[in-house]
Amino acid sequence: MSGSHQEQPLLENSFIEEDEPQETAYDSSEKIVVVGVDESDDEENWGRVPRFSWKKLWLFTGPGFLMSIAFLDPGNLEGDLQAGAIAGYSLLWLLMWATAMGLLIQLLSARLGVATGKHLAELCREEYPPWARIVLWIMAELALIGSDIQEVIGSAIAIRILSHGVVPLWAGVVITALDCFIFLFLENYGVRTLEAFFAILIGVMAISFAWMFGEAKPSGKELLLGVLIPKLSSKTIQQAVGVVGCLIMPHNVFLHSALVQSRQVDRSKKGRVQEALNYYSIESTLALVVSFIINIFVTTVFAKGFYGSELANSIGLVNAGQYLEETYGGGLFPILYIWGIGLLAAGQSSTITGTYAGQFIMGGFLNLRLKKWMRALITRSCAIIPTMIVALLFDTSEESLDVLNEWLNVLQSVQIPFALIPLLCLVSKEQIMGTFRIGAVLKTTSWLVAALVIVINGYLLTEFFSSEVNGPMIGTVVGVITAAYVAFVVYLIWQAITYLPWQSVTQPKTIAHSEG
């Protein structure tokens with residue numbers, strides 16, 4: 001056989017396990033066939049990227065917007081409103097750069113999924129020894145449960161607002177739990193129907209928070225200066241850490257690498273893989289630009305109304321609507337209910353994507369091939385049961401919910417290295433990615449971003465535990481757990497440096513050559 005494409009084969013990191021069927025993100029019948037204006041399958045054009053097509057961009061649009069939901073969940077909205085109330089407009093620049101860092105990480109996740117045909121949880125199962133994979137799976141599940149508690153509680157708060165306090169928090173949790181059935185219903189109508197549903201919810205958020213922005217009329221000059229001029233003081237460091245920490249969600253890294261596999265991509269042709277990566281990069285960027293604008297709406301509304309006031313330090317999701325009503329009044333449509341509608345859309349969309357992510361995480365790490373309704377039910381139960389307990393225990397005061405939220409933010413921060421380090425390890429290796437491994441410049445930049453995110457969250461953890469941990473016994477327990485935690489992080493970094501896949505001793509990897 002002749003042809004230059006044989007000199008640089010695409011590598012598919014798949015192990016030969018003939019006795020065991022492999023879990024996949026999507027069955028072939030579920031994938032969307034992308035058809036464009038240039039579909040030549042000529043062997044000589046195997047490495048050529050087809051010219052840009054708006055039709056193809058539309059067909060590839062969807063996964064990025066589902067991914068962007070994690071940048072708009074109730075936890076992020078709470079971080080936005082607290083940053084605005086306490087720091088004013090001064091942290092908008094950090095919100096922009098944190099979104100850019102999140103975009104870089106999500107693009108790497110998409111790159112991994114497209115180039116290998118497998119999502120991050122599947123590759124972790126294959127590349128790490130059993131004990132390490134179990135730890136990674138547990139950490140991913142804990143991160144997902146913690147995130148889902150925040151999202152479900154956020155939805156329940158929104159339902160309580162919109163019902164004028166008639167529906168208690170625990171009943172709102174039950175109502176939110178039923179969104180699992182909406183998810184299962186929409187899945188029966190295909191991926192595009194599900195994506196359209198999420199687009200509607202994002203639209204509802206955009207309209208609601210833009211309406212609030214119009215009612216509040218924040219200063220355009222202050223907004224622009226906040227975005228362009230970096231400012232940071234000792235009084236706002238806590239909010240700065242919160243802005244960065246709540247945008248990088250561990251479960252979202254796993255989710256995006258699976259979502260991109262909903263489109264059929266011929267991975268035997270380098271040009272087709274690069275084409276998919278190009279379109280996914282465009283739509284993910286557009287999605288996060290939209291999420292950034294929505295986050296700006298929320299931050300500036302609270303900056304205009306509460307910065308420098310006595311209420312600034314006491315605002316949270318529970319009382320934010322009431323404070324908005326007292327500050328901005330009723331108007332044509334009470335701002336309290338506008339806030340409630342936006343919060344409900346954020347909570348409902350993020351809980352459904354959490355269910356989606358839970359399916360991929362559980363299926364990938366454990367190689368479970370269950371019916372989708374069964375996987376969704378298991379995933380939903382793992383989150384709803386602890387959330388119901390939390391709702392019953394913490395439905396007594398606003399202060400207790402704020403304390404809960406602090407602990408959940410800490411839980412998210414702890415999990416971040418267990419998604420970022422494996423991702424950067426896998427996407428850097430030619431044995432995994434073939435010709436699509438990241439280059440030296442992008443690799444260095446990605447590790448610097450990951451290190452920055454981990455250090456920032458490490459600061460949050462240090463501050464939190466130094467104020468919360470009291471007594472020698474509790475200190476000893478925390479010290480032992482911290483030592484084990486650091487040891488495992490060091491192990492993951494060492495694996496990234498040396499890359500010694502545990503199966504390589506016994507199982508050869510298959511290399512897919514394009515034969516034309």
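Glycine is treated like the rest: Cβ placed from N, Cα and C.
Where the annotation comes from TrEMBL, it is an automatic prediction and has not been curated.
Marked as region 'Disordered' by TrEMBL: 1-28.
Summarising the annotation, TrEMBL assigns transmembrane segment to 57-74 (among others).
The transmembrane segment feature in TrEMBL is assigned to 86-109 (among others).
Among the features that TrEMBL reports, transmembrane segment is placed at 167-186 (among others).
Using a Cβ-Cβ cut-off under 8 Å and counting only residues 6 or more beyond its ends in the same chain, the transmembrane segment (193-214) has close neighbours at 61-63, 65-66, 68-69, 72, 183, 186-187, 290, 293-294, 297-298, 300-301, 324, 333, 335, 338-339, 341-342, 345-346, 348-349, 352-353. Here TrEMBL flags 193-214 (among others) as transmembrane segment.
Marked as transmembrane segment by TrEMBL: 240-259 (among others).
Long-range contacts of the transmembrane segment (280-303) within the same chain, counting only residues at least 6 positions beyond its ends with a Cβ under 8 Å from a Cβ of the stretch, are 57, 60-65, 67-68, 71-72, 76-77, 80-85, 87-89, 91-92, 95-96, 99, 102-103, 106-107, 110, 114, 202, 205-206, 209-210, 212-213, 216, 218, 222-223, 227, 256, 260, 315, 320, 324. The transmembrane segment feature in TrEMBL is assigned to 280-303 (among others).
Per TrEMBL, the feature transmembrane segment maps to 336-357 (among others). Below 8 angstroms of C-beta separation, residues 66, 69-70, 72-74, 76-77, 144, 147-148, 151-152, 154-159, 161-162, 176, 179-180, 182-183, 198, 201-202, 204-205, 208-209, 211-212, 215, 251-252, 254-255, 258-259, 317, 320-322, 324-325, 376, 379-380, 383 of the same chain, each at least six residues beyond the ends of the transmembrane segment (336-357), sit close to that stretch.
Sequence annotations record features per position, and here TrEMBL assigns transmembrane segment to 377-395 (among others).
Nonlocal intrachain contacts for the transmembrane segment (407-428), taken as residues 6+ away from its ends with a CB within less than 8 angstroms of a stretch CB, comprise 75, 105, 108-109, 111-112, 120, 123-124, 127-128, 135-136, 139-140, 142-143, 146-147, 149-150, 242, 245-246, 248-251, 253-254, 257, 437-438, 443, 446-447, 450, 453-454, 457-458, 460-461, 464, 485, 488-489, 492-493, 495-496, 499. Residues or ranges marked as transmembrane segment by TrEMBL: 407-428 (among others).
Among residues of the same chain six or more beyond the transmembrane segment (440-461), those with a C-beta under 8 A of the stretch's C-beta atoms are 101, 104-105, 108, 241-242, 244-245, 248, 409-410, 413-414, 416-417, 420-421, 424, 427-428. The transmembrane segment annotation in TrEMBL covers 440-461 (among others).
The transmembrane segment feature in TrEMBL is assigned to 473-494 (among others).
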Same-chain residue ranges lying at least 6 outside the transmembrane segment (86-109) that approach it to Cβ under 8 Å: 64, 67, 71, 80, 120, 218-219, 222-223, 225-233, 235-236, 239-240, 243-244, 247-248, 252-254, 256-257, 280-281, 284-285, 288, 291-292, 295-296, 299-300, 303, 307-308, 312-313, 420, 423-424, 427, 438, 445-446, 449-450, 452-453
